[in-house]
Amino acid sequence: MDLVNHTRTQSFLLAGFTTTGALRPLAFLGTLCIYLLTLAGNLCIIVLVQADSRLCTPMYFFISVLSFLELWYVSTTAPTLLHTLLHGRSPISPTVCLVQLYVFHSLGMTECFLLGVMALDRYLAICRPLHYQALMSRQVQLRLAGATWVAGFSAALVPASLTATLPFCLKEVAHYFCDLAPLMRLACVDTGWHNGLHGAVIGVATGCNFVLILGLYGGILRAVLKLPSAASRAKAFSTCSSHITVVVLFYASAFTVYVGSPGSRPEGTDKRIALVYALLTPFLNPIIYTLRNKEVKEAMKRVRVRIRTMLKEA
């Protein structure tokens, strides 16, 4: 990596992935297709929840909020990934780099809190069915959704602001977007204290939410096992299976990258793992919530029928 003087006007270089020859356009087109399908899939879920009255439930409200979040989450990093795949190493200004860092982590922390709220919703639906509508009223849904965004964007201020104060002596970011670990490696000073604080903030936030989710699903498991028939138990579990799949994908990759010392992993590992939680997970979420959900499939059929009817009448 190139040595540079620490100035306010210096630019970073996003290294991206090393692709040559025929692989470069194939990698670009493949990533572009995944990105566009991610946008289309999440937009489809948002439209379905708004268009079909049978999906106007707390569970689908939170799924639509997650889809809205994923639109911004994937759009924070996919453009720089596409640019580095097409053009190789790409310059990025420190301001844009730090904004990307903050927005990406804010949305990631928001998703972390939102997954906890979604687990709470499933717990109340299964364990408190008689009081569910009162406990999860529309006003409560909006407040919980709003709280996840406020908490996420507030928690991300700590790592982003500390990173912004560092002096940087190197400029090549070994990643396809500005993330904590690659930026820490560019600093002129020892970042051990920063790494510890970053790990503590992110670890506490994700860890507490993960423990909450485990506790809520422990309660759900106990309640489901008390149900009298196998059919009722299967139905109860089916409403949670999609959420559990998303939680496993999100937390497995997040803990791998952000909990622990960045120096303990070989350089380049972070950007490969990042493809899972920054690109693959937002792409898979709409698939998980549609292919495994009969209500969503039926809603898609009803909306298609309504569209055809409107077109015929027109």
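Count begins at 1; order follows the chain as displayed.
Cβ coordinates are placed from backbone N, Cα and C, and glycine is handled just like the others.
Owing to the predicted nature of the structure, the values given are computational and were not obtained by experimental measurement.
Some features that TrEMBL has for this protein:
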{"type": "DOMAIN", "residues": "41-289", "note": "domain 'G-protein coupled receptors family 1 profile'"}
{"type": "TRANSMEM", "residues": "26-49", "note": "transmembrane segment"}
{"type": "TRANSMEM", "residues": "61-82", "note": "transmembrane segment"}
{"type": "TRANSMEM", "residues": "102-121", "note": "transmembrane segment"}
{"type": "TRANSMEM", "residues": "142-162", "note": "transmembrane segment"}
{"type": "TRANSMEM", "residues": "200-225", "note": "transmembrane segment"}
{"type": "TRANSMEM", "residues": "237-261", "note": "transmembrane segment"}
{"type": "TRANSMEM", "residues": "273-291", "note": "transmembrane segment"}
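Ranked by the number of CB pairs under 8 Å to the transmembrane segment (26-49), the listed stretches 61-82, 102-121, 200-225, 237-261 are led by 61-82. Taking Cβ pairs closer than 8 Å, the transmembrane segment (61-82) reaches residues 14, 16, 28, 31-32, 35, 38-39, 41-43, 45-46, 49-50, 90, 92, 100, 103-104, 107-108, 110-111, 114-115, 117-118, 121, 141, 145, 148, 176-177, 246, 274, 278-279, 282-283, 285-286, 289 in its own chain, all 6 or more past its ends. Listed by sequence, the residues of this chain that lie at least six past the ends of the transmembrane segment (237-261) yet keep a Cβ under 8 A from its Cβ atoms are 59, 66, 108, 111-112, 115, 118-119, 122, 125-126, 180-181, 195, 198-199, 202-203, 206-207, 210, 213, 217, 220, 224, 270, 273-274, 276-277, 280-281, 284-285, 288-289, 292-293. If you take every residue in the domain 'G-protein coupled receptors family 1 profile' (41-289) and average the pLDDT, you get 87.
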